[in-house]
Amino acid sequence: MGILEKISEIEKEIARTQKNKATEYHLGLLKAKLAKYRAQLLEPSKSASSKGEGFDVMKSGDARVALIGFPSVGKSTFLSLMTSTASEAASYEFTTLTCIPGVIEYKGANIQLLDLPGIIEGAAQGRGRGRQVIAVARTADVVVMMLDATKGDVQRALLEKELESVGIRLNKHKPNIYFKPKKGGGISFNSTVTLTQCSEKLVQLILHEYKIFNAEVLFREDCSPDEFIDVIVGNRVYMPCLYVYNKIDQISMEEVDRLARKPNSVVISCGMKLNLDYLLEMLWEYLALTCIYTKKRGQRPDFTDAIILRKGASVEHVCHRIHRSLASQFKYALVWGTSTKYSPQRVGLTHTMEHEDVIQIVKK
């Protein structure tokens, strides 16, 4: 029996097993086995003689956004509208066969947008070019999931399942579990909260399934067995995702309203160029970027060339971005903007910068 058949058997067994107190250990073990087989499926086979053709694109700009979705949902049209890159768009499926990069210039930042080929069901098992598409999606800062508004809910559920099965967790945070394998001493289990989904026995069973017999485990939040398995496997990617429902000109106003009210969702129409500016605003929020402007002594701030950093960046991060030796020569900085109590304020390396602050760095 191959790995795909084993995965299919386990999925069927999980589906037909009733969830209650008596079956929780059985389900926990099945989920651990399933995660193990899926990990094996994603590993490249050692017997492969010729290298498969990949299509990863070199990372450039201040952030990277992966545009994924089923064929013919409007990804290429969206890329052509948002960037100066022309991606071939047609009414038939699989127009895009490779990864096409474009750059969105917004608020002084260059955001790399990747138009990935359409995903089909079974992409995680390697159908279509699913594996390469998903591998590129893992390197992005934000995933934009393009959905057809006329069949959005079905497409969304299928895509989430495909991404979930390859270790991409959308709009979730990393489980707050401390886990450290040891050389000996057995399994030490502790929790700082009351656990309702996992017990010490279930944790031990899952660890034994992974051939781990000595480890330290500390639960700092009430996590499920699935989340604990994610911590053991350790290669999960947690990233924000924006669900974009395209072709809203083909559905009723009530349906548009319903889709727009869903969390992490934006409704647009590429054909009629509706709501694209709001989508850019949301994308900027999800990327959590800040623009910092620099100023030389006795001169006006340079508003033409911003330094783009992540939200929560400190003065030290700004120094490293300007020149790697600047932090070691740093004396103090003067900052104008919303991060200060008064302008200019004299600050040190640990001061947290905010969007559109102006900084003047004084060296020793």
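Placed from the backbone N, Cα and C atoms, the Cβ positions cover glycine too.
Heads up, TrEMBL stuff is auto-annotated, nobody curated it.
Among the features that TrEMBL reports, domain 'OBG-type G' is placed at 63-288. The domain 'TGS' annotation in TrEMBL covers 288-363.
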DSSP-assigned states of the domain 'TGS' (288-363) in counts, ordered helix, strand, coil: 11 helix, 34 strand, 31 coil
When the pLDDT values for the domain 'OBG-type G' (63-288) are averaged, what is the result? 82
